[in-house]
Every structure is written in C-alpha cells, then in structure tokens.
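Listed in Swiss-Prot:
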type	residues	note
ACT_SITE	His117	active site, pros-phosphohistidine intermediate
BINDING	Lys11, Phe59, Arg87, Thr93, Arg104, Asn114	ATP binding site
Amino acid sequence: MAIERTFSIIKPNAVAKNVIGSIFARFEAAGFKIVGTKMLHLTVEQARGFYAEHDGKPFFDGLVEFMTSGPIVVSVLEGENAVQRHRDLLGATNPANALAGTLRADYADSLTENGTHGSDSVESAAREIAYFFGEGEVCPRTR
C-alpha cells in the first residue's frame, strides 16, 4: 500500500462539543500520523472558496453559514491508503446512514452539521491541503 496524505476538518459543531482530542485519538488509534493541524475561524470568502464546487446548489448558503459559525480544526493525516481509510472512519456523509462507531455516528447533529469532512480522492486531498496549508506547515514524521 502507498503512503498517502488526506485532509480532515473537524467542523464547528464538533469543536463546540469539545471532542477534538477524542477525534485526534481515534485518528492515531487508526494508524494515522497527524502531520499538520491548526484551528481557525473561516471567513465567508474562505468557506465559499473551499466549497466552490457546491456553489449554486440548494444547500450551499446554509453550508457556508454553518462553516463560518465557529472555529474549525483542519488537519493533514498521513498513512497507508489514507484517503479511503479516513473516509471509512468518518462514516457516511448523512449521519442517519453512518455505521455505529464512526465519527459521524458519534458526533454529527444533522446532514449539514455532520461533524467532520474528509477528502474524497488523492487529488482532492492535495487541493484541499494546499488551500489551508502553506509550504513548511506540513511536517513529515520520520519516527
């Protein structure tokens, strides 16, 4: 298996629940290395830019409003088959369909406020990482 990087967001509703540490512990227990992370409060412009592929869809404005409603934690995770394994750990986008023990089953409040985001492909991960992390902000872990 190839070592990949994927991008993760702990969304405002999960940050408000004080479960950042619990989510990080689950990332590490699943074998991911956290190679970059920071907390920030998105501006409307940042949220619209990040979710630009959804512009014009009925849920877009509500998504932007939610994602700017409080701080988020963005992270870069590294590991074998990281994109798919991270998505498996997150669970279904709609928490009503998320399997027990997944992050969305445990921390989501609704389809919009589903607690977490994860890249859906290696290409998306690279684009999303570059959106939030500059050169030198992601640190390879050699130990």
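Cβ coordinates come from backbone N, Cα and C, glycine included.
Neighbour count (other Cβ atoms within 10 Å of the Cβ, all protein chains): 18 for Arg87 (ATP binding site). In this structure the C-alpha atoms belonging to His117 (active site, pros-phosphohistidine intermediate) and Thr93 (ATP binding site) are separated by 8 Å. When secondary structure is read from DSSP and collapsed to three states, His117 (active site, pros-phosphohistidine intermediate) falls in the strand class.
When the binding-site residues Thr93, Asn114 are scored by other C-beta atoms within 10 Å, Asn114 scores highest.
In the three-state DSSP classification, Arg104 (ATP binding site) falls within a helix. Residues Lys11, Phe59, Arg87, Thr93, Arg104, Asn114 are recorded as binding ATP; their most distant pair of Cα atoms lies 21 Å apart. Annotation note: Arg87 (ATP binding site) sits in a helical segment as assigned by DSSP. Each of the recorded positions Lys11, Arg104, His117 was scored by other CB atoms within 10 A of its CB, and the lowest score goes to His117. Listed in sequence order, Thr112 are the same-chain residues at least 6 apart in sequence whose CB falls under 8 Å from the CB of Phe59 (ATP binding site).
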